[in-house]
Ligand SMILES: Nc1nc2c(c(=O)[nH]1)N[C@@H](CN(C=O)c1ccc(C(=O)N[C@@H](CCC(=O)O)C(=O)O)cc1)CN2
């Protein structure tokens, strides 16, 4: 068996196309959605991700609001930029690119973001809304996973889903999303304290690998015909000495799985598309 590729790149492009039409409709009502980014420091990876978000905005017609601060920025400077974006009516949603430099208190910054402008959907208020089943911006990566599965007609209702990784951006909120009544999956959340990981992955219809450990999921750990979602993205040095992205899923998994969302080209592009979606939805609601 060679797994069908769940193509996040193509799916994200289709979503951006739909968003373009919605942004046009908003423009006809005199409203231009705006996405803000806050980047602190000069980490090339973070800069590339932020550049990508602004390229996406330009493609869809969303206005970009970019605030870049130096690596030695103070807590006060970051707090001021957050306060400015909270107050800016042209900014419908924004993100603070993570990780932040060590002198910055990340929790304090993220909690200062206006929850209604939290385009990442990761503010404690929004995670609380998710727990309670209230409306609010959904975390982009979990939302992207559910959307990709939906568009490929992978059934979730009653499915056994094993998630590897309990991080706050993917694993934990994904468990909440998948167990809503609208999805109705049964979720097993595995982590470093899990005793027999393979026993949990082998019994799953769908496995989501979000541990950030390259190759943690191998072919012998899955049921033939399972659907596999790779979320772990680690930059490693390839044989040619150049940097390449590798996922949590070993290459041999594609020989056993029915379908696979790969790294790169799977959930990463979907995450970016969901960020734009959160901003457009907020502009539509106002
Ligand atoms: N505030 C946030 N910070 C960070 C997040 C986040 O969701 N919110 N996630 C990561 C970085 N990230 C988005 O910011 C991100 C990482 C990777 C991709 C992506 O599309 N990856 C590609 C491969 C890389 C490429 O080709 O550029 C893929 O998987 O195909 C999107 C977003 C940490 N910080």
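Any Cβ shown, glycine's included, is placed from N, Cα and C.
Heads up, TrEMBL stuff is auto-annotated, nobody curated it.
According to TrEMBL:
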type	residues	note
DOMAIN	6-120	domain 'Tetrahydrofolate dehydrogenase/cyclohydrolase catalytic'
DOMAIN	139-285	domain 'Tetrahydrofolate dehydrogenase/cyclohydrolase NAD(P)-binding'
BINDING	165, 166, 167, 233	NADP(+) binding site
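Counting other Cβ atoms within 10 Å of each Cβ, the binding-site residues 165, 167 show the lowest value at 167. In this model, the domain 'Tetrahydrofolate dehydrogenase/cyclohydrolase catalytic' (6-120) carries an average pLDDT of 97.
Of all the Cβ atoms in the protein chains shown, 19 others lie within 10 Å of the Cβ of residue 233 (NADP(+) binding site). Within the same chain, the residues at least 6 positions away from residue 166 (NADP(+) binding site) whose Cβ sits under 8 Å from its Cβ are 172, 189, 190, 191, listed in sequence order. In this record, NADP(+) is bound by 165, 166, 167, 233; the longest C-alpha to C-alpha distance in that set is 15 Å.
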